[in-house]
Amino acid sequence: MSRNNDAQPTLRARLWARPGGRVALILVGLIILIALLAPVLTALEGQDPNTYHDNLLNSATGGGPNAPFGGISAAHWLGIEPTTGRDVFARLVYGARISLLVAAGATLGQLLLGLLVGLAAGLGNRWADTLLSRFTDLVLSFPYLFFSIALLAIVPQSFPRPVLLCVILAGLYWAPTARIVRAETLVLREREFVAAARLYGASVWRVARKEILPGLAAPVVTFTALMVPSNMVAEAGLSFLGLGVQPPTPSWGQMLSTATTWFQTDPEYVLVPALTLLLCVLAFVALGEEIRRAVDPKGAGR
Amino acid sequence: MTAFLVRRLLAAAAVLLIVAAVVYGLFYLMPGDPASLACGKRCDAAELAQVRQTMGLNRPVYEQFWTFISSIFAGHAYDNGVGTVWCSAPCLGYSFQSDEPVTQLLTQALPVDVSLVAGAAVLWLSLGIGFGLFAAMRPNGLRDKATTFVGLAFGSVPIFILALLLLLLFCVWWQVLPFPTFVPFTQNVGQWAENLLLPWFAIALTFAGNYLRLTRAGVLEALGQDHIRTLRAYGYTERRIVARHAVRGALPTVATIAAMDIGGVLAGAVFTESMFGLPGLGKLMVDSASTIDLPVITGVTLLASFLIIVANTVADLLYAVLDPRVRIS
């Protein structure tokens, strides 16, 4: 975007100029930093996500932590996991990596598929457009949650789950992006600069890349920014159901699902992953909202 | 209107048939043997061949699919190893793992989802429309900003987190409500409602924000129109103008989205049911996914698609009824 009109401030600058945007940027930056620094942070704590600490567990409560408040101590900053005694803080920061990786991978996949189908429908002839648009509508009417559950159940466990999650989420949820891209492309292709490029003999591929794509940036970035938190929730949800990321790989959703059996005796273990996920999702949603307002200042009041 | 209706219904039927083909194809042609999945680990080679025979897996694919589709209308006989079981008319296959026709499992689960959606929809509509009107009364005022923000915040909370926090607050810490179990409506209405109160709120709170936004936007758009100016000139109060006249501007969109959301929840509120332990379609789906009970997975996915497609069609028709301009296209 900034390539064409240097007079306008970049998206990041416009975000930074808004107080809400600044908070959202800092929060999201912090989350990414924590995920990147997971090994450093756990080393600082002196723990790792996979070591069992049986000696800290109370067999009388069925394996709950000995100490109160979920076993929070100087050695275990956020307590330990019931029945295994694994360090909650270490699993949490390593879980951030999975959460962000799947969210990023799935969003990227959705974006690429959406751009591909949308551009092809928008720039192709009437036949291609009808075919691709009908296909998009069809995919939109799939109950995608049920499809993802079914696919996760059927694909053999040997297939790495984070990759599978990305593929499934991308494969089932690219249709809204494709619709937006198609609609915007249909408007853009009638503009003079596209006609000019065509007259110069530019190929369809070149027109798509050099003339249409920059014009798509604003609406697509706005929509895609909000796909990140929804993919994050999808990964956590599917892992919560026991179908996503499998142990021993740490994931927030999977921590939540073990936590539900420890409601009564160890509420701390429920709250830590729940509130972490909540905070991350809200931070990304806030960033998405701020991007929307920064990109489209006219609609800001709405 | 009739032409529009017929066209929409035909389109819906076509989509449903395609979805059925995709679901069936995907699940039965996947690598991995459906026969050995269907009868689990208890099978020896002879039994496996038997099951393969019963499931018709040694016949061509299109024939298998045809049997699957025709048995929905005509029923089908299944050999479960002990004897022959007749799976009657809307037959969606037979679960060899639980020795029950899939249709029976589905009809056992459906009342839970009907109960869920009935209460939740009433709640989210009254919350959403109520606060939407409240926010539209003085646009961009403090209470507008506050309600819109709270609505958006609740809408962004993942439903399983909201459910978890509700359970923690009401059932563990304050202990004012029981851990939900499903009590059928016909058995005891009071207990039915008491047990479903938390699930209803969990669903309604995540949905209401969207309705708040739609109501607010629809009302604000209507407020700019000429007839409202006339009403203002008559000296009607703002409250009366918003609640009686401008609210109609929001009605088509709200009704349409409501129809789609109701279909979505009816098709299985997967997370709500898993979190609260309610034996609905969503729970059935997750359970059969963890035991890889293919016929049930296929059946639930198909029923869910059916409900969602029906809901989308109803939404389209509703929109056409409430906003006659749509019918032309």
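Glycine residues also receive a Cβ, built from the backbone N, Cα and C atoms like all the rest.
Below 8 angstroms of C-beta separation, residues 12, 14-15, 87, 89-90, 93-94, 96-97, 99-100, 279-280, 283-284, 286-287, 289-291, 293-294 of the same chain, each at least six residues beyond the ends of the transmembrane segment (A:21-44), sit close to that stretch. For A:21-44 (among others), the entry in TrEMBL reads transmembrane segment.
What TrEMBL records for A:96-288 is domain 'ABC transmembrane type-1'.
The transmembrane segment feature in TrEMBL is assigned to A:98-123 (among others).
For A:135-156 (among others), the entry in TrEMBL reads transmembrane segment. Sequence-distant contacts of the transmembrane segment (A:135-156), counting only residues of its own chain at least 6 positions beyond either end whose CB sits under 8 Å from a CB of the stretch, comprise 117, 121, 164-165, 168-169, 172-176, 178-179, 182, 234, 238, 241, 243-244.
Sequence annotations record features per position, and here TrEMBL assigns transmembrane segment to A:162-181 (among others). Non-local neighbours of the transmembrane segment (A:162-181) in the same chain are 98, 101-102, 105-106, 108-115, 117-119, 121-122, 132, 136-137, 139-140, 142, 144, 147-148, 151-152, 155, 216, 219-220, 223-224, 227, 231, 234-235, 238, 244-245, 249; each lies 6+ residues outside the stretch with a CB under 8 Å from one of its CB atoms.
Look at TrEMBL and you will find A:212-234 (among others) tagged as transmembrane segment.
The transmembrane segment annotation in TrEMBL covers A:269-288 (among others).
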